[in-house]
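Take a look at the structure below.
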C-alpha cells in the first residue's frame, strides 16, 4: 500500500476531508430544522428525499466495504496496483453513516408533518424498487464468484445514478411553483462547500502520488462532486436570482381567495313581498 510523499499534503488531505464531512453533515440540519419549525414539509419534494435515502445507503455500503474489508482492498490493489492508496477515507465512512440517519429522519418528518397535496411519485417508487432488486441480484452473483470489488462498484454506480437524478424532482418542483419556499437554501450552500472540498481532497492525493488513478479508480466520488456542484449552482440560481423571496404561486392564489372570503360581507337574504 502506498504512503504519503508529502506530510503537508497529507495534512491538507485530512483537513479537506473532514471539512467536507462537516459541511455535508451539517447540510442536512437546516432542512430538518425548517420542517420542525413549520411542522410542514410542503415545498420539499418527497421524491428527492426517497431517492436521496437510496443514494446514501448504497454509498455507505461502498465506502464501508472498501475501507474496512481486507478482501475488497486486496482486489482493489490487484486491479490498480499496490503502489496506490485506497480512495476512501475515514471521513467518507463517517459522512455516509450520518447521511443515512439524517435522511431517514427527514423521511420520517414527511410521514408525520403536514404534506399538503404532495405525494411520492410512482416513477420514483418504481426506480427505487428496481434499483434494490438489481442490487440484490448482483449481490448473489458477487457472492458466488467472490467478486467483491465488482460488487461494491455496482453499489457505487447506483449511488452515482441516484445522485444524477435525485435533484431533478426538486428543481422541477421549484420551477413549477416559481418558488423555493419550504426548501432550505442552507442545505444547498453547505452541500456546495462540501462538494468543492471533496474534489480538492482528491486532487491533493493525486498530486502527492503523481497519479490520477484516484479519480477514475473512484469514479463515483468524482462524479458525485461534479453533479452535486452543478445542481447546487442551479438551486442557488433559483433561490437568489429567479425566485428570490417568492411564495408559491398556487399557495398565494389560495391565500387571496381565503382573504377575500373573510373580508367580503355575507349575502343578505332578499325580503319577500307579503
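A Cβ is built for glycine as well, from the same backbone N, Cα and C atoms used for every other residue.
Positions annotated as transmembrane segment by TrEMBL: 15-36 (among others).
Marked as transmembrane segment by TrEMBL: 48-68 (among others).
The transmembrane segment annotation in TrEMBL covers 88-111 (among others).
According to TrEMBL, the transmembrane segment annotation covers 123-142 (among others). Here the transmembrane segment (123-142) has long-range neighbours at 46-47, 50-51, 54, 58, 148, 150-151, 154-155, 158, 161-162, 165, 169, meaning same-chain residues at least 6 beyond its ends whose C-beta is under 8 angstroms from one of its own.
Long-range contacts of the transmembrane segment (148-168) within the same chain: residues 47-48, 51-52, 54-56, 58-59, 61-62, 65-66, 69, 71-72, 75-76, 79, 127, 131, 134-135, 138-139, 141-142, 218-220, 223-224, 227-228, 231, 234-235, each at least 6 residues beyond the stretch ends and with a Cβ under 8 Å from a Cβ of the stretch. Among the features that TrEMBL reports, transmembrane segment is placed at 148-168 (among others).
Annotation comment: TrEMBL describes 180-202 (among others) as transmembrane segment.
As annotated by TrEMBL, transmembrane segment applies to 222-243 (among others). Long-range contacts of the transmembrane segment (222-243) within the same chain, counting only residues at least 6 positions beyond its ends with a Cβ under 8 Å from a Cβ of the stretch, are 59, 159-160, 163-164, 167, 170-171, 174-175, 178-180, 183, 185, 188-189, 191-192, 194-196, 198-199, 202, 215-216.
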Q) Of the listed stretches (15-36, 48-68, 88-111), which one yields the highest count of Cβ-Cβ distances below 8 Å with the transmembrane segment (180-202)? A) 15-36
